[in-house]
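As recorded in TrEMBL:
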| type | residues | note |
| --- | --- | --- |
| TRANSMEM | 38-56 | transmembrane segment |
| TRANSMEM | 95-121 | transmembrane segment |
| DOMAIN | 96-288 | domain 'ABC transmembrane type-1' |
| TRANSMEM | 133-155 | transmembrane segment |
| TRANSMEM | 167-187 | transmembrane segment |
| TRANSMEM | 208-233 | transmembrane segment |
| TRANSMEM | 267-287 | transmembrane segment |
Amino acid sequence: MPTNTATVSPNEDVIPVAERHGMDPVLKRRIEAVVKHAILLIVGFAMIFPLLWMVSSSLKDDADIFRNISLIPTDWDWANYKEGWNAQSYPFGKYLLNSLIITIGAIIGNMISCSMAAYGFTRLKWRGQGIAFGYMLMTLMMPIYVMIIPQYIMWSKLGFLNTFVPLILPKFLATEPFFVFLMVQFFRGIPRSLDEAAKVDGAGPFRIYWQILMPNALPSLATCGIFSFIWTWNDFFSQLLYLTKPQNLTVAVALRNFADATSGTSWGPLFAMSTLSLVPVFIVFLFGQRYLIEGSVTSGLK
């Protein structure tokens, strides 16, 4: 029995699937893009709103901070910055300087010690190397609070409480396993042929480390430096533990002193100084963002 089969002429226009359902494909892509960007804008604004509210509150008086939820102050009160700057035993610039000293020391210490440790794990051969690297990775899972009491007792017996030594010296001993692992991953991606060529020219281990590996590891070093800056600048617990004298306080600890359980909290000056304390972090992240992304990506790929 003959059957009728539908044939489509080569010259017959084929209707796209999207048009058969009544949706133009170009319009569909535009709608998807608008929805995607709208969601991103909403989520981004929700994330940045607390920061914007803090900056706005730094320009309001205490009565207007919680009464006016708008990001635009009713009356612009710049006096909060002057009051917050001189509200404590020392000008707030003293605490900014203390934080800067500790942070720079931590950056230098981490970059030097962690890169040296990574060089030992990737370029030198010694007995127990694999076991030592495994132990180093295990410390990534160890809470820092496990070592707080032993470290405090040690620094107390050495007489280094109320100094910057407990906050800076450990950074020169490769005590940040994350940075060691980051540098190890990057060094493994640098060809060993460069080492061999340097050895032919008479270079020793330190010269290979300093003149071959370090210049080629700038993205990884920049990542290490940026993370060191942010983590150290924002550190509160360690600085609160070791620093109690007013002249040694850092930004994180000094900000806590604005909140007084007996006399109340000076919210305007607190938000003003909090805004100032974020400026160095924004500057470092703004200029180092490219190196941060490059170092993280290349270390993960190599």
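Using N, Cα and C of the backbone, Cβ positions are placed for all residues, glycine too.
Here the transmembrane segment (167-187) has Cβ contacts under 8 Å with residues 102, 105-106, 108-110, 112-119, 121-123, 133, 136-137, 139-140, 213, 217, 219-221, 223-224, 227-228, 232, 235, 238-239, 242-243, 295, 298-300, 302 of the same chain, all six or more residues outside its ends. Long-range neighbours of the transmembrane segment (133-155) within the same chain, counting only residues 6 or more positions beyond its ends whose Cβ lies under 8 Å from a Cβ of the stretch, are 117, 121, 161, 165-166, 177-178, 180-181, 184, 241-242.
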